[in-house]
Amino acid sequence: MVKMQVIFIAFIAVIACSMVYGDSLSPWNEGDTYYGCQRQTDEFCNKICKLHLASGGSCQQPAPFVKLCTCQGIDYDNSFFFGALEKQCPKLRG
């Protein structure tokens, strides 16, 4: 019974953390690849994320030898370069 309570509390904690911190996505550039930040700073990623209409961003390392820009408060459609560009420039919508 105690194991079940511990598992339940851990599950609730994970849900609460995801609600507080929200989802984050890595944006795609015009070549359909992620923005790498191996030699860049968090400020570079923050600017990239603002271009994708996100609230902010930073450089994260999701795997060994890989550093990607990760955006907070970004819509899935805006994670793609041309999707965000079309929202900013309505004349591009052909």
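Using N, Cα and C of the backbone, Cβ positions are placed for all residues, glycine too.
As the structure is a computational prediction, the values presented were derived from the model and not from experiment.
Summarising the annotation, Swiss-Prot assigns disulfide bond to C37-C59 (among others). In this structure, C37 (disulfide bond) belongs to neither helix nor strand by DSSP; it is coil. All protein chains included, C37 (disulfide bond) registers 21 other Cβ atoms within 10 Å of its own Cβ.
Applying an 8 A CB threshold to same-chain residues 6+ apart, the list for C45 (disulfide bond) reads Y35, C37, G57, S58, C59, C69, T70, C71. According to DSSP, C45 (disulfide bond) is assigned to a helical segment. The disulfide bond annotation in Swiss-Prot covers C45-C69 (among others) and is backed by similarity to another entry.
Swiss-Prot lists C49-C71 (among others) with the feature disulfide bond, giving similarity to another entry as the kind of evidence. Counting only same-chain residues six or more apart in sequence, the Cβ atoms lying under 8 angstroms from the Cβ of C49 (disulfide bond) belong to P27, S55, G56, G57, C69, C71, Q72, I74.
Annotated domain 'LCN-type CS-alpha/beta' per Swiss-Prot: 23-90, in sequence order.
What Swiss-Prot records for 1-22 is signal peptide.
If you look up Swiss-Prot, you'll see F44 (among others) marked as site 'Important for blocking potassium channels', on the strength of similarity to another entry. In sequence order, C37, C59, C69 make up the list of same-chain residues 6 or more apart from F44 (site 'Important for blocking potassium channels') whose Cβ falls under 8 Å from its Cβ.
Positions annotated as site 'Important for blocking potassium channels' by Swiss-Prot: K47 (among others).
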Task: Secondary structure content of the domain 'LCN-type CS-alpha/beta' (23-90), with strand meaning DSSP E or B - done: 22 helix, 21 strand, 25 coil
Task: Average pLDDT across the domain 'LCN-type CS-alpha/beta' (23-90), rounded to a whole number - done: 87
